[in-house]
Every structure is written in C-alpha cells, then in structure tokens.
Amino acid sequence: SANGSLFPTPSPVLPTPAAGNASECECHEWHYRIRAGLVQNVVSKWDLVCDSAWKVHIAKFSLLVGLIFGHLITGCIADWVGRRPILLFSVIFILIFGLTVALSVNVTMFSTLRFFEGFCLAGIVLSLYALRIELCPPGHRFMITMVASFIEMAGQFLMPGLAALCRDWQVLQAVIICPFLLMLLYWIIFPESLRWLMATQQFEAAKELILQFTRKNRMNTESDIKGVVPELEKELTRRPKKVCIVKVVGTRNLWKNIVVLCVNSLTGFGIHHCFAKSMMGHEAKMTITQNFYADYYTMAGIALASCLAMCPVVGFLGRRGGLLLFMILTALASLLQLGLLNLIGKYSQLPDSGMSDSVKDKFSTAFSIVGMFSSHAVGSLSVFFCAEITPTVIRGGGLGLVLASAGFGRLTAPIMELHNQKGYFLHHVIFACCTLICIICILLLPESKNQNLPENIPDGEHYTRQPLLPHKKGEQPLLLTNSELKDYSGLHDSAAVSDGISENTTANGMKSM
C-alpha cells in the first residue's frame, strides 16, 4: 500500500542469524511470500529487511510528520487567505507529489515525496472540514460531519479490494491519487466561506458573493435580503481585519478550551494504538485471526461502530456529555486492562486457581475492543468540538492545532514499532493517566450543541460553561451573568438574519436582555 498501513510483512526464506543485531545480517538475497493484497510493495521492491528494515518506519514517519506540519501551516494560512485557495493549492500539489511517489526510484525519494504528499493532504482535510462547519446551520453541523466520516469509512473498506485488483503498489498509488482530479471542480462548485468573509470584514467580497447567490437562486434583492446590502455598502471603506491563532494566547478562556481539546485528541488517537496492539498481540506479534483481511476489517468495523454510536450519544448528551462518556469508557478499558489483567495473570500461575492464559487473552481482547471503540470516538469528537468553539477568524489555526495533536497521537504507532515495542507498558500507562486528567478537564468545556458559531475572539470568550444537567423549571442559571451576554447590533444583526437566526440571538445561543 502507498500509505504504509497495508504493508504485508515479508517472509525471507533464507535464514538470518538468530542472535545479534540486525547489522550482523549476512543475507544477500531474499524471497518474499506476500500473503494478501499486493504482489509487490516497497518492502519487496527495495529489500527493506534486515539492515534496511528501519527505513519502512521512516516511510511511515514521513507521511505523519507531513500531516502534522501541513495542519499547522495550512491552518494559519487559511485564516489569512481563505479556505478555497488552500483547498485548490493542496489539490493541485497532491496530484503532483502523489503521482511522483509512484515513480520513486529509491526509498529516500519515496519518503521525501510522502512528506509533501501528507502536507498537501492535511490542507485538503482542514479546508474541507472548516468549510463544512461554516456552511452548515447549527442543527446540521454534526450530521454533515458524520456523513463525511462514513464516506471516509467506505474508502477504508474498499482499500484492500482495490489493492488486490491493482496488485502493484505503484499502480495502487496512481489509482488512489487520480480521483483528486475531480476535486478541482470544487473551485467552481463551492464558494468561499461567507461567514469567514464577514468575520474578517472583507465586505466587498462578501457583497459580491451575496449578490451571486441571489442571482443563482433567482431571489429579489429588495425583498428577500432587505437591509443586508445597504449595511454592507456602509462598511465597504473598512479595512479587512485578519487574525492569527497566536492572538488566542491573550484570551482568558478560549486558549484553555483549545488546549483541553488538543490533549483529548492526542490521548484518543495515541491510546488507540495501545488497544490495537493489545488486541493483535504485541508480545507474540501474532494476529488474533492469522488473516490479514479479517484483522483489517475488524479494526475498520470497530471504527464504523464508533461513528454509528456517536450519532445518538451526541444527539442526546451533547458535545461535552458525549465526549465525557467516551473518555470515561476509554479510561475504564485502559485501567482494567492494565490492572485486572495483571491480577488475572498472577492467579493463573497458581495450580488451583482454575484460570488459564486463554481467560486472560479473552479479557484483553474484550477490553481492547471497548477501548478502540471509545478512543476513536474521543479523537473524532475532540476535533469536531474544537471546530465549533473556535471563532471563525481563527478556526483554521484552531483546527490545525487539534488535528496536529491527533497526528502526534498517531505518530506513537511507528515509534513503538521502530523500538520493537520496547516500553509498550509504560507507553500505555502514560496515556491511561492522560485519560484521567482529560475527564476532569472536559467538565470545564462549554456546550456548543445548537448554538451559533463564534465569529471573533470576544464571541469565543463569551461561550459559557453550563452544567451537564439541565436547570429545573423556573430555576435561574447561576453561571450566566449579564456581562457574558452580547447584543448584536448593526451589521451583526444583518449577518445573524442571513444565517436564519433572530436578531436578538447571541453567539452563545442566549437571548440578549
């Protein structure tokens, strides 16, 4: 596979030294028996075994590091130049770098191009995520995000079959990249985010976009959008006001919310690898089913079940309640796997205990499945939550931070593999401690369900931390003060009306007094 996740492990027929370092290997020829998917991959093409086995992990590093840098850099740029230019730039260059990867002549060229491929892929993911959030009304934001997740899941389910059809990794790489050609049409289909244009005071471009919408929808500008265009014309002389994510450092609450969600994202994606390795048997390095396709679809099925479970849970408990529930499940699965299994292991050694290693393995598999299920939901929901509570003027930078944190979490997988799973237990213990810290921090987050997106940094600061349980009838909320209410006026009223929101509705969904 081009992305390193479908590399079947080569099986050298010639023997290698049983002891000693990999540098002592005296093999000169290898014969590979690839049991699933591709007939040839990068391991068999460039003999990345024995002394060169570490280069496989570098190839995995390069894509993930490219994703991390891409999220951080393209997120900041998207707040300055817009979402559409980043999307177009990323699509064009991922076509260039992606197709060039298929023509790599050595592993160094392959890894380098994979870095730039990951960088461009990060720009596409971030810009599309921001556009989806900003184009959708409050009641449909989560549903549309879940639809995008299900489409991503469909791609994962199709990947092994596509690899079996292509047979060669270079053909597979080209087949994967070619559909990005269709994304060039996005420049025509999708407009720039009107919400971002208004928030950054680019009123000339916003006026042209509104008039373009009215012409396409055959609307009457005098009756259907009464008052919006005159208000915009009054503000045309104002200079655009663009903000960098660095400005969040001077805030009181917003930076804490973003940091909490970044830690949640890092923990969710990082501990997911611990559960996956435990389920697949990190000690014996044996898979639970001895079948590549069964293992792959087991993990993909758990991710799909997690996405399906998120829909009713978040719909009923909200963003904060759903994130808290999944984080508690992750912490319980992790602590039980670390503590209870060690206790079972001690009792299984006693002759009269009646416990065997198979009992321990079954418990480990059960806890791993629950942990993978909940940790996937934690990571995905943290990214979505951060996109909602981050103001429009810095939403690209906020998304870049939380997605980069998710990339750091994923990066732990190839790091552990590079060290031959040494320190695996300590790695799991650290992330288990992080889940406990996250449970406490989640209680400090605001609730963004059915609320308007904050447009600027003061709006983001006015998001209130409401109690998890609803107030009783007639009871006054103690955490809400008059100073936390914001009254829209002038242009903001018009922007709120254009979003289908009443004029006296604030960014936090509360009625102004």
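Positions of Cβ are set from backbone N, Cα and C atoms, glycine also.
Here is what TrEMBL says about this protein:
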- 1-449: domain 'Major facilitator superfamily (MFS) profile' (DOMAIN)
- 61-81: transmembrane segment (TRANSMEM)
- 86-107: transmembrane segment (TRANSMEM)
- 113-131: transmembrane segment (TRANSMEM)
- 143-165: transmembrane segment (TRANSMEM)
- 171-190: transmembrane segment (TRANSMEM)
- 257-276: transmembrane segment (TRANSMEM)
- 296-317: transmembrane segment (TRANSMEM)
- 324-345: transmembrane segment (TRANSMEM)
- 365-386: transmembrane segment (TRANSMEM)
- 393-413: transmembrane segment (TRANSMEM)
- 425-445: transmembrane segment (TRANSMEM)
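Only residues 6 or more beyond the boundaries of the transmembrane segment (171-190), in the same chain, are considered here, and those with a CB under 8 A from a CB of the stretch are 1-2, 38, 84, 87-88, 91-92, 94-95, 98-99, 101-102, 124, 131, 162-163. Under the criterion of 3 or more C-beta pairs below 8 Å, with sequence separation of 6 or more, the transmembrane segment (425-445) and the transmembrane segment (257-276) qualify as touching. Tertiary proximity for the transmembrane segment (365-386) is limited to same-chain residues at least six positions away from its ends with a CB under 8 Å from its CB atoms, namely 129, 142, 145, 149, 257-258, 261-262, 264-265, 267-269, 271-272, 274-276, 278-279, 288, 299, 302-303, 305-307, 309-310, 313-314, 319-320, 322-323, 326-327, 329-330, 332-334, 336-337, 341, 398-399, 401-403, 406, 409, 445, 448.
Stretch with the largest number of CB pairs closer than 8 A to the transmembrane segment (393-413), among 61-81, 113-131, 257-276, 296-317: 61-81. Among the stretches 113-131, 143-165, 257-276, the one making the largest number of Cβ pairs under 8 Å with the transmembrane segment (296-317) is 143-165.
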